[in-house]
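Annotated features in Swiss-Prot:
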{"type": "ACT_SITE", "residues": "Lys96", "note": "active site, schiff-base intermediate with DXP"}
{"type": "BINDING", "residues": "Gly157, Ala184, Gly185, Asn206, Thr207", "note": "1-deoxy-D-xylulose 5-phosphate binding site"}
Amino acid sequence: MLTLYGREVSSRLLLGTARYPSPAVLADAVRASNTDILTISLRREMAGAKKGGQFFELIRELDRHILPNTAGCHTAKEAVLTAKMAREVFRTDWIKLEVIGHHDTLQPDVFALVEAAKILCDEGFEVFPYTTDDLVVAEKLLEAGCRVLMPWCAPIGSAMGPLNLTALKSMRARFPEVPLIVDAGIGRPSHAVTVMELGYDAVLLNTAVAGAGDPVGMAEAFARAIEAGHQAYLSGPLEPRDMAVPSTPVIGTAVFS
């Protein structure tokens, strides 16, 4: 079980709800993934007006924990306002905090992120901050009151997979007791296995599933991959060696002269 802000969930896969071919495909992908947590962009869905209402009804029928996000916000003020609106709509203190600083890379504005995190934590929100793999920023977010960190492994939607394993390893080692969820950049189930083998607690996916040729099949593949990576981490995988090591014991081997 994974505990996030005192709430236990059985799945280590968090799933985004945007860009699926149809509501039916989204619903089937959610079920195939076995996820307990769905992320939702309040701004995007409210912009759809009538369709947004139909979407929210579908989400309610799926009966998962809702993690609203502040996608599309570029300032701390925008993010805080969106978070407050999401709290009213979804009746939850959970918020996935995104403050985007660059239009091309969608890299977080870490200065505004920390500012918004401090405000929201002080107002009783349970903040899931989308951040970089920078350890100093991570420290500042924890000092602001965050009890979960969500570092990227590559730019949002890039599907490149983990670009800086050293940084991800360092973050895991530096914060052994903090739930760490890789958010952004995952493209394949093998990428998810890689980060889970490092000891990360969960993976958040959206584009990798929604944009796949078969989103439902991909959701199931990721669910299996994340579980496999977590089990591998718990089982203690071998560390790489510079030299060959025989797998067959030498003792008892016949010697011919």
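Residue 1 is the first one shown; counting continues down the chain.
A Cβ is built for glycine as well, from the same backbone N, Cα and C atoms used for every other residue.
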* Structure fact -> Out of Gly157, Gly185, the listed binding-site residues, fewest other Cβ atoms within 10 Å surround the Cβ of Gly157
* **Local Cβ density at Asn206 (1-deoxy-D-xylulose 5-phosphate binding site) - other Cβ atoms counted within 10 Å** => 22
* Structure fact -> Apart from the site residues Gly157, Ala184, Gly185, Asn206, Thr207, the 8 Å Cβ neighbourhood of the 1-deoxy-D-xylulose 5-phosphate centroid comprises Gly16, Pro155, Ile156, Ser158, Ala159, Ile186, Gly187, Leu205, Ala208
* Hey, how far is the residue listed as 'active site, schiff-base intermediate with DXP' from Ala184 (1-deoxy-D-xylulose 5-phosphate binding site), Cα to Cα, in Å? -> 13
